[in-house]
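Participant: Let me begin by handing over the structure; questions about it come next.
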Amino acid sequence: MPRLILASTSPWRRALLEKLTIPFECAAPDVDETPMPGEAPRQLVLRLAQAKAQSLAARFPNHLIIGSDQICVLDGEITGKPLTEEKARQQLAKASGSIVTFYTGLALYNSASGHLQTEVEPFDVHFRHLSEAEIDDYVRKEHPLHCAGSFKSEGLGIALFERLEGRDPNTLIGLPLIALCQMLRREEMNPLNA
């Protein structure tokens, strides 16, 4: 049976994949993540997830390689990682009372057979109306500077929301496990008996 590789160095994706109790290794993909001119969010995450998985095929020639990529969209614009507290406050003020959509691209590449499975999972975050003081307090407490959308749903960020809508809550953290389990079963790797 091919071994499993996660084409990511994200500690959040690693922690999610560990839930499936299948042995795996992590490896850093070498992919230019620059969007193509006019590329829609769904196409971008799909292309990058596929590129990440396939970029490791030469290093791991008999493996199942998982690639994943995620972007955050607010008012039709891709929202990146804020990197500064001021930008985090601006992003959260813009998200206040709005719906932020996350698109997570997922690819599973069998490097032995060349078989590729892909999917894009959307996930909507409905923000409640936030006061300036709440935004300041949140940024000070959680420091979400390296999180798209300026929040951590697995932490205190949950206090910012009115509701969440999506097929799989893991999608919001960066790895849609329900879709991944379906893909793995198609490759004869069932997490329940692996």
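For all residues, glycine too, the Cβ spot is worked out from N, Cα and C.
Here's the feature list from Swiss-Prot:
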SITE      TRP12  site 'Important for substrate specificity'
ACT_SITE  ASP69  active site, proton acceptor
SITE      GLN70  site 'Important for substrate specificity'
SITE      GLU154  site 'Important for substrate specificity'
Participant: Could you find out if DSSP has GLN70 (site 'Important for substrate specificity') as helix, strand or coil?
Facilitator: strand
Participant: Nearest of the recorded positions to GLU154 (site 'Important for substrate specificity') by CA-CA distance, picking from TRP12, ASP69, GLN70?
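Facilitator: The answer is TRP12.
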Participant: Determine the minimum-neighbour residue: among ASP69, GLU154, listed as recorded positions, which Cβ has the fewest other Cβ atoms within 10 angstroms?
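Facilitator: Per-residue Cβ counts within 10 Å for the recorded positions ASP69, GLU154 bottom out at GLU154.
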Participant: Can you tell me how far the Cα of GLN70 (site 'Important for substrate specificity') sits from the Cα of TRP12 (site 'Important for substrate specificity'), in Å?
Facilitator: 12
Participant: Just to verify: the residue among TRP12, GLN70 with the fewest other Cβ atoms within 10 Å, which of the recorded sites is it?
Facilitator: TRP12
